[in-house]
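J.: One structure is given below, represented as structure tokens, and several questions about it will come after.
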Amino acid sequence: MASGICVFAEHWNQELSPAFFELITAAWELKEKTQEPIQVLLAAAQPETLMTQMKGLPIDAIYAVKLPREICFQEERLARVYSEMLKEISPSVLLVPASDQGRSIFPRVAYRLGAGMTADCTELEIRKREDGSHGLRQIKPSFEANVKVCIECKTGIYPQIATLREGVCEAWQLDGKERDIPVIWMDGSLEEEVLVELLEVLPPAAEAGSLQAADVVVVGGRGALEKDNFQLLRKLAGQLGAAVGGTRPVMDMGEVPFENQIGQTGCTIRPKICLSFGVSGAVQHTEGIKNTALYIAVNTAEDAPIFQVADYAVNADMRPILEELLTLLKERQD
């Protein structure tokens, strides 16, 4: 029988992605219910460098393959490598970040393995089946995020693959203790000749990922598109040292890039403080802010749905509030 909660080790430029540490938290929560070991799926040009970043994590085993650097940029080949690795590992669950790489590679892996896969999950649960196995309940918003659906793979179909949206789980906090993690080296060789020559690796834009990492986020909705309100919103964010996010309409109008769209079709955030201006509170958006520690909403509509999820609700025009906040912050600086 398949056993083990396997976590895909996503990495970039010899650094594990922040999403990997969130998946470790999700894997630990599942392990507490199933008592199955946490495994790591790792393929890289220099896997040893990435392994040093895993010290202190509650990992039971690392399954690793060393690959030519060029192959690490060929997703079809990577899909074949991961498929062969997973056939040998035989985990019951595979957790993958809902990133560009995760969305591109692992549907191919699922197809090769004849496995089920649910994308963009926001919750995971375990159900004990009649045969004693553990079914992974994969929960995600659907139908324009108006409902939540619960998906479970058929009994006997493994691995049960789920991609988790970034920000759904808190990143595992390293405790400084080093653990001796067994490493199982696997064969990742491919018969075909490598036909791609790697010329250069360009770093991501400086602002990429800043929204998910920010402690303070200022969000603008459709209501903030009037006059120059969004310009004031940006000034406020600058004074607070905050990241700027937006709803789908704001992204469609070009005020924020897609990477800074918050919600079902964008990203999930978990800042300490989030201030929103002109956000109505459609479920499509609130799915992305439900893990915020303190949420303050400003909206002119008294019955705006956003007030149902806000810790502090301000029923007022945003412009005088933005202007007053900027004045107060300027006075404090002076």
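Glycine is treated like the rest: Cβ placed from N, Cα and C.
Checked TrEMBL, it gives:
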- R222, 247-248, 261-265, 278-285, N299: FAD binding site (BINDING)
- 5-198: domain 'Electron transfer flavoprotein alpha/beta-subunit N-terminal' (DOMAIN)
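So where do these features actually land, and what's packed around them?
T.: Within 10 Å of the Cβ of R222 (FAD binding site) there are 17 other Cβ atoms, across all protein chains.
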J.: Fewest neighbouring Cβ atoms within 10 Å: which of the binding-site residues V279, A282?
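T.: A282, out of the binding-site residues V279, A282, has the fewest neighbouring Cβ atoms within 10 Å.
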J.: Any idea what the model's mean pLDDT is for the domain 'Electron transfer flavoprotein alpha/beta-subunit N-terminal' (5-198)?
T.: 90
J.: For A282 (FAD binding site), which DSSP three-state class applies?
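T.: The residue in question, A282 (FAD binding site), is coil (DSSP, three-state).
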J.: Once the chains shown are all counted, how many other Cβ atoms turn up within 10 Å of the Cβ of Q264 (FAD binding site)?
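T.: Total other Cβ atoms inside 10 Å, all chains included: 24.
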J.: Under 8 Å Cβ-Cβ from Q261 (FAD binding site), six or more apart in the same chain: what's there?
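T.: Non-local contacts for Q261 (FAD binding site): G245, G246, T247, R248, V250, M251, C267.
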J.: Count the other Cβ atoms sitting within 10 Å of the Cβ of H285 (FAD binding site), across every protein chain shown.
T.: 28
J.: What does DSSP call Q264 (FAD binding site) in the simple three-state scheme?
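T.: In three-state terms, Q264 (FAD binding site) counts as coil.
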